[in-house]
Amino acid sequence: MSVRELAVLGTASQVPTRHRNHNGYVLRWDREVILFDPGEGTQRQMMFGGVPAGDLTRICVTHFHGDHCLGLPGVVQRLSLDRVPHPVDAHYPGGDAHYFARLRHASSFYETAEVRELPVLRDGQTFETSAGTLLARRLRHPVETYGYRLVEPDERRMLPDRLAAYGIRGPAIGELIRTGHVDVAGRRVTLAEVSAPRPGQRFGFVMDTGLCDGVFALADRADLLVIESTFLTEDAALAAEVGHLTAAQAARVAAESGVRRLVLTHFSQRYAPTSRAGVPPAAERFAAEAREHFDGDLVIAEDLTRVAVPPRAPVSAAASPPAASAP
Ligand SMILES: [Zn+2]
Ligand SMILES: [Zn+2]
């Protein structure tokens, strides 16, 4: 059975805390296993989080601030140590390729694994993956930064009871899929009559950024959106100044974009993790501010937890039921 879920490895911005490791996220989407933004300590967090290095098929780096990339050397070297037999594709901002080169070869190791570098060279660039199209969009941050979005293609699901009702079986099903119709017992049956739409699912990953068009493009109708919310509203001016989002802004993006499940992460260490002098714990404050704008599924990310991609929303068949003339 296919698995679609996010393993959260780390949730801290800038500096790790006692409770939060630097960033790190692994999206498992059927056969595609993508590591996003490996901050310091990611290799060890992968062990705690039950993600073997050999599972990785792809690495996506949004930008080269340390909390998003200082774990690269360990992970890259681990791929070779474990003699991972398949290639691992790596995407990162092409304008800062020298940072990737340094991190990839940060120290001496015996290189056996194949890391294929596929840098992002322009806003809107896409890459084909086994899970669908991976889109990179430019974000607003002091260094070159791209968010990522995975889009599964729309397909149609065959309806066995309809096929049976029309007496379509065996090679006729193949013909129906190939040509969009098939003639049975003197009647033309179209694909729409015996199948239902199976809309593709969408995943968005938005890290360090101020509000910009790219944020909304990445979040658009996402089944699961992972988005930075470094600050609370009390620090909104600072957030705007340094190119970050508040929880309220991230939640408004999700609400306006029709997001189904929202994961807030990349929290500043400035907010106390436990209640202090009548002020609630940071996680509660982030949740409360987000809730004012977003009423879908909300997750305040914690290290070493898993968040499922919500099941595909049920879609009823668009076609009418078999006609009375059907056998
Ligand atoms: Zn960051
Ligand atoms: Zn940054």
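Glycine residues also receive a Cβ, built from the backbone N, Cα and C atoms like all the rest.
Bear in mind that the values here come from a model prediction, so they are computed numbers and not experimental data.
What TrEMBL records for this protein:
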- ASP67: active site, proton acceptor (ACT_SITE)
- HIS63, HIS65, HIS141, ASP208: Zn(2+) 1 binding site (BINDING)
- ASP67, HIS68, ASP208, HIS266: Zn(2+) 2 binding site (BINDING)
- 20-143: domain 'Metallo-beta-lactamase' (DOMAIN)
- 198-267: domain 'Metallo-beta-lactamase' (DOMAIN)
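Feature annotations (TrEMBL) mapped to structure.
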residue : record                       : Cβ within 10 Å
HIS63   : Zn(2+) 1 binding site        : 23
HIS65   : Zn(2+) 1 binding site        : 20
ASP67   : active site, proton acceptor : 24
HIS68   : Zn(2+) 2 binding site        : 25
HIS141  : Zn(2+) 1 binding site        : 21
ASP208  : Zn(2+) 1 binding site        : 27
HIS266  : Zn(2+) 2 binding site        : 29
Around the Zn(2+) 2 site formed by ASP67, HIS68, ASP208, HIS266, which additional residues qualify by having Cβ within 8 Å of the site's Cβ center?
SER13, GLN14, ASN23, ASP37, GLY39, THR62, HIS63, HIS65, MET207, GLU228
Under 6 Å from ligand 1 by C-beta, which of these recorded positions make it: HIS63, HIS65, ASP67, HIS141, ASP208? Sequence order, please.
HIS65, ASP67, ASP208
Residues sitting within 8 A of the centre of the HIS63, HIS65, HIS141, ASP208 CB atoms (Zn(2+) 1 site), not counting those, run THR62, PHE64, HIS68, LEU139, PRO142, VAL143, THR145, MET207, THR209, GLY243
Between the Cα atoms of ASP67 (active site, proton acceptor) and HIS266 (Zn(2+) 2 binding site), what distance do you get, rounded to the nearest Å?
9
Helix, strand, coil residue numbers for the domain 'Metallo-beta-lactamase' (198-267) per DSSP?
28 helix, 20 strand, 22 coil
In the domain 'Metallo-beta-lactamase' (20-143), how many residues does DSSP assign to helix, to strand and to coil?
34 helix, 36 strand, 54 coil
How many Å separate the Cα atoms of HIS68 (Zn(2+) 2 binding site) and HIS141 (Zn(2+) 1 binding site)?
13
State the Cα to Cα distance, in Å, between HIS65 (Zn(2+) 1 binding site) and HIS266 (Zn(2+) 2 binding site), rounded to an integer.
13
